[in-house]
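Pasting a structure here, questions to come.
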């Protein structure tokens with residue numbers, strides 16, 4: 001991927017971080033548990049760069065629900081599926097930083113067809129620190145597309 005495209009990706013994630021609302025507090029309504037979600041205005045899909053008339057560009061075709069709620073100590077699971085020609089690669093980000101696998105964080109990829117890939121991000125056990133904005137970024141030489149997920153914990 002060219003330096004210019006990476007620059008646009010970094011700009012996109014910086015823009016995403018600026019959109020995070022710093023006001024905390026409880027979520028309205030009745031129900032069990034408390035929400036400490038510290039962001040509010042996050043777009044679900046972001047088209048970073050693509051030629052719209054080019055059907056070969058990376059496109060996220062399905063994924064987990066935009067707003068994820070997880071219980072502390074249990075598994076947080078996010079799924080993303082992308083298509084393009086050539087088959088795109090998928091990278092996972094949290095708050096704009098690329099996620100690196102570690103003891104409690106794993107991601108898996110599975111090619112489905114010549115032009116499609118499926119990826120799953122697992123955080124197990126999930127903690128308060130795992131709350132935030134996650135992004136699945138699909139990339140191929142013809143374009144980049146991102147799908148955001150808001151994850152918040154409950155007791």
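Our numbering is plain: 1 for the first residue shown, then up by one each step along the chain.
Cβ atoms are placed via backbone N, Cα and C, with glycine included.
Copied straight from Swiss-Prot:
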DISULFID  80-136  disulfide bond
DOMAIN    73-154  domain 'Ig-like C2-type'
CARBOHYD  55  N-linked glycosylation site
CARBOHYD  114  N-linked glycosylation site
SIGNAL    1-22  signal peptide
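For each feature listed, report its degree of burial, its nearest neighbours and the pertinent distances within the displayed model.
Sequence-distant neighbours of residue 80 (disulfide bond): residues of the same chain at least 6 apart with a C-beta under 8 Å from its C-beta are 60, 62, 63, 64, 90, 118, 119, 120, 121, 136, 138, 147.
Look at the domain 'Ig-like C2-type' (73-154): DSSP puts its residues at 3 helix, 55 strand, 24 coil.
Residue 55 (N-linked glycosylation site): 11 other CB atoms within 10 A of its CB, across all protein chains.
For residue 114 (N-linked glycosylation site), the number of other Cβ atoms no farther than 10 Å from its own Cβ, over all displayed protein chains, is 9.
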In angstrom units, rounded to an integer, how far apart are the Cα atoms of residue 114 (N-linked glycosylation site) and residue 55 (N-linked glycosylation site)?
15
Just to confirm my parser: what is the rounded mean pLDDT across the domain 'Ig-like C2-type' (73-154)?
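Taking every residue of the domain 'Ig-like C2-type' (73-154) together, the mean pLDDT is 94.
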